[in-house]
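S.K.: Take a look at the following structure, please.
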């Protein structure tokens, strides 16, 4: 390893384990990839924003190891997380004669990672892949844990697979070029890990928020590492979301309704989750599980991170009704019963239903008039 | 169990096991489904040919168990084994509010089974499903073992998943309505199990071919059961085709080239496999692995089963070159090297490469002039 500055978090899953490397100067370092399976083809999947910045370095690092190294560049954005875009990857793989040992590299944010992962899960019924996340959100959340997929016009991430990468490479240098709005969006998922799993981490985030927003590399390294550790711990216990893993969706039930209601891409995923956490905290309070001080503390932190704390209007006539309708379509719903992740103690989350009337009160209190 | 006439074959896989029920009067019997997981929605996926014959009986058997039972009818045929058709299943599931406990039932042949299985593997990252195969080919082969997927314009079954059903229900009554051509196609996969695994079964097939062609229920029951046993034994040892499972592709390398070269659906899959086995037997002979008597014996059996034994011309100028080109695109190819399943002893198959010149000789000898 030539990079002087890295740290490895291991994900231990029933079927197999893989390392998450967190550090600087990683993605262009050939040594990072030495433990990967041999193949004749390596295909890097990226998008029009990220490829010009980092594809060349990654391709160069892979060339000593793989005889055929190619780049597939997708359009950038959540609106392109569709079958049509996914099929661009399949077209490229098939027209280049890629076999079932071909290894894919997802170079980009959550959309690239989710689509490349699903392409890897499905191409010839499964080829290996590597996550090289270049956004804070994908480094702390979507690249870890094996959730892959695409959107359907009727719902987000409705089509996909649980499929684990061989390796995750979190190169902190890529965060230098991240737009501020996306940095904030990533912080939403970092903040999430506090209330659900580690209040000391929440204290740390509050104390270091200015450093994080200023992209201090030491602070970012700790935030990414600790987030990955917590996610690895949860996913290691419940890969397929039979139970515990669902707590990682804190803020996501309301958040998904916001994203779906506004149209995907209008708010960033992290922005919707930030606002969704505020709404879920309100719901937890209304259910008598946390005090008002906790709601206020979380709301202030989300706000300081540069995230919205007031939900958008999704319907002029019956806004709360529209939220409820959208949440019933959420994957976590069972037979039309919406499942909410609530906080029910320090660093403790659980999944439960709630009366519609109570949820309406929360929506009315948390949304713009 | 109200059916007096059934037999269960168990598939034992590392992650989990499931039963294959083989018998008469099964699909419309509610008791057959008692061990399946509970859910609020059950969705039967079928096609325009099979649904009118059997959907009503299956839906009636499921209604006592599931509150919402629906039917999705797809167009019939290999040419519809596409993303567009698959998406019809997703559209139906999402527009009906199907949650992640929804159970899918594949009622039809291999195309319906493969697509429904892939839909189940991918919908909300995985819901349970049941195979109710209604063709001989799907009963003895495609419904067992968890291979699911769709075709891509550049290759057959190129996009899919390994995903195991909860249960396989082989109702022999459905074979009564099967067109003769499809019965023969199914016999190709039955015959396959002899040379690769059980020469006594090959003897039995030769002795009972007339009875099988006459749809004698006792003969069919034995053929389906023994085929499922052999496939279960192979898949149980190698679910993801890391090694042994590849022997199940005997005849398929040449067969896939025929299907792709003619356009999917021109020849039935089983017809292409039947002819492909003859070609693979010739190759085995040219490699010095079997004697000419074996090639002749297999050729005669394939012919008597009503299957083609002469390969089609795929290119007027360079027929063998076209076969080779198509076979290089096969999923089993590695870095452009075609992998052939050859017979190298009684009931013994292995996977190996072969010199292009030798393969050309086989193709020239086996194809129409």
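Cβ coordinates come from backbone N, Cα and C, glycine included.
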S.K.: Could you look at A:208, A:269 and say which one TrEMBL places alongside A:189, A:252 in the Zn(2+) site?
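M.R.: Only hit among A:208, A:269 in TrEMBL's Zn(2+) site, alongside A:189, A:252: A:269.
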S.K.: Helix, strand or coil for residue A:135 (NAD(+) binding site)? Use DSSP.
M.R.: coil
S.K.: If we count other C-beta atoms within 10 Å, could you say which of the binding-site residues A:252, A:269 has the fewest?
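M.R.: Lowest Cβ count within 10 Å among the binding-site residues (A:252, A:269) is A:252.
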S.K.: Fewest other C-beta atoms within 10 angstroms of its own C-beta: which of the binding-site residues A:174, A:177 fits that?
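M.R.: If we count Cβ atoms within 10 Å for the binding-site residues A:174, A:177, the smallest count is at A:177.
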S.K.: What's the CA to CA span in angstrom from residue A:177 (NAD(+) binding site) over to residue A:269 (Zn(2+) binding site)?
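M.R.: That separation, Cα to Cα, works out to 19 Å.
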S.K.: Give the residue counts of the domain '3-dehydroquinate synthase N-terminal' (A:72-184) per reduced DSSP state, in the order helix, strand, coil.
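M.R.: Split by secondary structure, the domain '3-dehydroquinate synthase N-terminal' (A:72-184) comes out as 47 helix, 34 strand, 32 coil.
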S.K.: So how many other Cβ atoms are close to residue A:113 (NAD(+) binding site), meaning within 10 Å of its Cβ?
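M.R.: Around residue A:113 (NAD(+) binding site), other Cβ atoms within 10 Å: 30.
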S.K.: When you rank A:79, A:110, A:113, A:174 by Cα distance to residue A:269 (Zn(2+) binding site), which of the binding-site residues ends up on top as the closest?
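M.R.: Nearest listed residue in space: A:110.
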S.K.: What is the three-state DSSP composition of the domain '3-dehydroquinate synthase C-terminal' (A:186-333), stated as helix, strand and coil residue counts?
M.R.: 106 helix, 1 strand, 41 coil
S.K.: In whole Å, note down how far the CA of residue A:252 (Zn(2+) binding site) lies from the CA of residue A:135 (NAD(+) binding site).
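M.R.: One finds 19 Å between the Cα atoms of these residues.
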